Amino acid sequence: MNEKNIKHSQNFITSKHNIDKIMTNIRLNEHDNIFEIGSGKGHFTLELVKRCNFVTAIEIDHKLCKTTENKLVDHDNFQVLNKDILQFKFPKNQSYKIYGNIPYNISTDIIRKIVFDSIANEIYLIVEYGFAKRLLNTKRSLALLLMAEVDISILSMVPREYFHPKPKVNSSLIRLSRKKSRISHKDKQKYNYFVMKWVNKEYKKIFTKNQFNNSLKHAGIDDLNNISFEQFLSLFNSYKLFNK
């Protein structure tokens, strides 16, 4: 993702009143280390450094890096890295959380990056409301892949009036809470394959007719358009048994 395209997709929240309202839904304490995705003009960064042990802001726009550094000149518990989040290597040997008001047009890429390439125990993101709903939709491949690794919650609405420039749609604050992976390391490739075939309704490529009917019955599924993640895991476990 080049710098020009990312800058054109950025919408900033600058009102301290609105930022404080959002922050009430984010669990932070003075011991937390935070990686912030996109410092923007430093308005959220400033509130994060007041609440946390240390903040590392990752910002691709060189000018915004300087703006953030100038805004936080009275604080020393932060650093701003002029880097592309999609190329950033998160540490593997420390505890941290992630926060970001992320660009709509690369939300999928960013969320894949931070769930699968970081060990953050909690992730807070401001995303487009429709995107947030899709993350809870078990008919979507991204939702099924994420739900195996994190619990996903929509914490609050973020009205489009909070942003400058004002986008066409409302946003949501979401939380992704890390959990023990529901898929063993040796089964991850098999799970990815199963997810893609299921979402594309290529049932014949993963089950025979009898296997399919028995798997649905075992999972307690009456409606293919309305299944829970636990029911989906039951289907995957049946698939594994049939393909030992």
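Quick reminder: no glycine exception, Cβ is built from N, Cα and C everywhere.
Just so it is clear, the model here is predicted, and its values are computed rather than measured.
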**Complete:** Listed alongside Asn11, Ile13, Gly38, Glu59, Asn101 for S-adenosyl-L-methionine in Swiss-Prot, from Asp76, Asp84, Asp117, is Asp84
**Helix, strand or coil at Asn11 (S-adenosyl-L-methionine binding site) [DSSP, three-state]** = coil
**Item:** Cβ neighbour count within 10 Å of Glu59 (S-adenosyl-L-methionine binding site)
**Value:** 27
**Asked** For Asn11 (S-adenosyl-L-methionine binding site), which residues of its chain lie six or more apart in sequence with Cβ-Cβ distance below 8 Å?
**Response** Asn101, Phe163, His164, Pro165, Lys166, Pro167
**Complete:** Least surrounded, by Cβ count within 10 Å, of the binding-site residues Ile13, Gly38, Asp84, Asn101 is Asp84
